[in-house]
Amino acid sequence: MASKKVCIVGSGNWGSAIAKIVGGNAAQLAQFDPRVTMWVFEEDIGGKKLTEIINTQHENVKYLPGHKLPPNVVAVPDVVQAAEDADILIFVVPHQFIGKICDQLKGHLKANATGISLIKGVDEGPNGLKLISEVIGERLGIPMSVLMGANIASEVADEKFCETTIGCKDPAQGQLLKELMQTPNFRITVVQEVDTVEICGALKNVVAVGAGFCDGLGFGDNTKAAVIRLGLMEMIAFAKLFCSGPVSSATFLESCGVADLITTCYGGRNRKVAEAFARTGKSIEQLEKELLNGQKLQGPETARELYSILQHKGLVDKFPLFMAVYKVCYEGQPVGEFIHCLQNHPEHM
């Protein structure tokens, strides 16, 4: 069997952390081609191109400083050139950019290429919810899997122990992806409920914004625990309404579910920015620049998409926590009123 060529589409904080793992494994395992391409959105860093810095210093100095990437990971500034020979495409870009990237890649991929999405977010289609893996799969005509879990990028790059979940309908492909990405400190469970795994990854960012509001307002640990639990209930309810495939509670007990929700509500960037938003009154855009090096936050954007989908279906009242995050972020509702969505939650009626 010919060795599989791998391309990582994206090179932010999480993309670079995954490149470190995938590059290391591809160099050692016969089933993969050792040369791993990584598409890098070209930027100028102190008069040098970011791709040149990565290919000479083997470090993404902007998005994952202090971590060496394996020398077999090659940064390529042209997405078509990076992806055209790949058998496996790993998608890891902010979800608002995926449509444009798919438009560029369409018609340029190998006939038997497959993809895996590490992107946390949802898209609103004309008929309501669209998962990012569906968007990619439909636009590029390739089978898609997903990887979601309690994986804060800097900790993964530091090789601190964590778990993650791959959702893949084809068991053989799931096993291949596990071989490509598993390490002693990055442990993977493969499940077949792709939709549920992916929806967990998108929705938890909205809950984390709520958790950040709690922290910024000084509400304490009991309130934050309630936000996490009520958020989980809304996640499960939303999945049961909108996933086309089966939705079992067991999937929410995997790393993609409750574990990712907890880590994001205590350690992730959505929580951090939401806390600063509640404390300072600065805009989300301003805080993205100050705290995230200009990287985009997924939680508020996902809340906006959820609002659009739920309003279309007449179900806004069933998801008060999701809707409160939307209203605070986009409609100018005072952040201090966030507590009302908890006090009047349908879970308690």
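Backbone N, Cα and C atoms are what each Cβ position is placed from, and that goes for glycine too.
According to its DSSP assignment, K204 (active site, proton acceptor) is helical. Taken from Swiss-Prot, the feature active site, proton acceptor applies to K204, supported by a curator's inference.
Here Swiss-Prot flags G10, S11, G12, N13, W14, G15, F41, F97, A153, R269, K296, Q298 as NAD(+) binding site, drawing on experimental evidence. Cβ-based neighbour count (10 Å, all protein chains) for G10 (NAD(+) binding site) stands at 26.
The substrate binding site annotation in Swiss-Prot covers K120, R269, N270. R269 (substrate binding site) falls within a helix when secondary structure is assigned with DSSP.
Counting every protein chain shown, the number of other Cβ atoms lying within 10 Å of the Cβ of S154 (phosphoserine) is 14. Annotation comment: Swiss-Prot describes S154 as phosphoserine.
According to Swiss-Prot, the feature N6-succinyllysine maps to K289. In the three-state DSSP reading, K289 (N6-succinyllysine) counts as helix. Within 10 Å of the C-beta atom of K289 (N6-succinyllysine) sit 12 other C-beta atoms, taking all shown protein chains into account.
Counting every protein chain shown, the number of other Cβ atoms lying within 10 Å of the Cβ of Y326 (phosphotyrosine) is 25. Taken from Swiss-Prot, the feature phosphotyrosine covers Y326.
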Binding residues G10, S11, G12, N13, W14, G15, F41, F97, A153, R269, K296, Q298 (NAD(+)) - maximum C-alpha distance in whole Å = 21
Key: Candidates W14, F41: member of the binding-site residues with the richest Cβ shell (10 Å)   = W14
Query = Does anything in the same chain, at least 6 positions from A153 (NAD(+) binding site), have a Cβ under 8 Å from its Cβ, and if so what?
reply = N13, W14, S16, A17, L64
Ask   = Taking the residues the record says bind substrate (K120, R269, N270), how far apart in Å are the two Cα atoms that sit farthest from each other?
value = 13
Task = Based on Cα distances to Y326 (phosphotyrosine), point out the closest of the binding-site residues G10, G12, N270, K296.
result = N270
